[in-house]
């Protein structure tokens, strides 16, 4: 780097080698004939630095006029492309596409030649970089040059000895396919893509499966029927689980994008047999991937086919040993509900839901809780009360706080669906009964539920049924319960009428404000302050609150807030 006559960059007395590149850069910037800093940074060994330098160079190129591009920017790209170190040549690959559209035809020819050279570079890392930018470069080329220059490069890279190069060529092939007229696709692109779909490396086949829906849209309906359907079948039957999983993920999208006139025939004849095999695949990731999309086939195939062919598969998956498979089926029930209604699945649903609700992994339990409002809406209130209500209540006393918290939120959503009257008759009595539980965590859950339910249940239920329980809990022996009473009274205050606040809430808060526990005091004073427009605060209490705050005791700093509270 740089010119002669420069002094050696100084490094700290402690000889920290990590600072050496920075020292070199500072020294270069002091020289009058310094090379562009970004060009230097684009050649360093650290990939993150190179990528950022290339990103900056790409932005800077947009600020150049066509003349300045040819005078300043293109020579920089050429220097990088012909550099001795592979690092500079990899960086060059990302710069061709940004300067090509705005330079003269002569310079364009030189740029194309440099890119061709890099595509056949001796270093695999350079060929990888070129393959990754092939599609991007093709998009800015004239169509004739796409056919004459890009297609041979694509074919060569897709046959590279390194599978890491070949898999990147697949992605480029999808981009190239979108650029070509329909009549050229079969001859110029499809032989190479067919070869990639049967590549000896599973990673290349995985990339084909992963990009299959994009490829399907690029090549159009006729080639889809003749070429892609058989290729997709093979990918669904691939010997590697990763490839089967990637293909299974695309089943719904692939079927949706099939030509409408032959969609049902193709699915029933070619795709569904493969899907049936995947339902009992030995790999759980494959089954899970399929379960996340298979329900979507019901809207494509209609009621009769769903009942006859898909419903048996859903029932098998609902009994699968893998929780993720069952969860994925349950999370997509709305698709089936639209077509055949959920009643036909209800009897098989129940055992699956119960098993998931009691799974040893708390994250699985959490996931099924999140789907419960959806299930409740589809199954109806009678089925829910009979079969699922007890599950929802059991979650409230789970030993994991995240489950108890989610269960509380779940109750609120259920009340939003089924109404306040249902809550008063079904949920509220059970929640309030927990206030007498010997476990203080369960008593606190009562308060959290009241916080969540007061708004959706309304003033009458809150005042008549919930408030007396909260007030009674203000004398609990556990300080954590008492200060959560204060917080609860603050939360439900807006739902209560002013007379209840003045006559019942205010005296309890004032008593809690004199509690021996500092946290109880603090949250009681917070609640009093929040309701100050409705009842007058005692001056001495306000002064004490200010004193507590001056000592750094706040809701955020309290040792009993956060996870310990709950």
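Glycine too: its Cβ is placed from the backbone N, Cα and C atoms.
Residues 74, 77-78, 81-82, 86, 89-94, 96-97, 99-101, 103, 156-157, 160, 162, 164-165, 168-169, 171-176, 179-180, 184, 188 of the same chain sit 6 or more residues outside the repeat 'HEAT' (111-149) yet have a Cβ under 8 Å from a Cβ within it. Taken from TrEMBL, the feature repeat 'HEAT' applies to 111-149 (among others).
The repeat 'HEAT' annotation in TrEMBL covers 150-188 (among others). Mean predicted confidence for the repeat 'HEAT' (150-188): the pLDDT average there is 93.
If you look up TrEMBL, you'll see 189-227 (among others) marked as repeat 'HEAT'.
Feature annotation from TrEMBL assigns repeat 'HEAT' to 228-265 (among others).
Annotation source TrEMBL lists repeat 'HEAT' at 271-309 (among others).
TrEMBL lists 310-348 (among others) with the feature repeat 'HEAT'.
Under 8 Å from some Cβ of the repeat 'HEAT' (349-387) lie the Cβ atoms of residues 318-319, 323, 326-327, 329-331, 333-334, 337, 342, 394-395, 398, 400, 402-403, 406-407, 410, 413-414, 416-418, 422, 426, all in the same chain and six or more residues away from its ends. Annotation source TrEMBL lists repeat 'HEAT' at 349-387 (among others).
What TrEMBL records for 466-504 (among others) is repeat 'HEAT'. The list of residues near the repeat 'HEAT' (466-504) in space but at least 6 beyond its ends in sequence, with Cβ under 8 angstroms from a Cβ of it, reads 428, 432, 435, 440, 443-444, 446-448, 450-451, 453-455, 457-459, 511-512, 515, 517, 519-520, 522-524, 526-527, 530-531, 534-535, 560, 564-565.
A Cβ distance under 8 Å defines the sequence-distant neighbours of the repeat 'HEAT' (228-265), meaning residues of its chain 6+ beyond its ends; these are 194, 197-198, 202, 205-206, 208-210, 212-213, 215-217, 219, 221, 271, 274-275, 277-278, 281-283, 285-286, 288-290, 292-294, 296-297, 300-301, 305.
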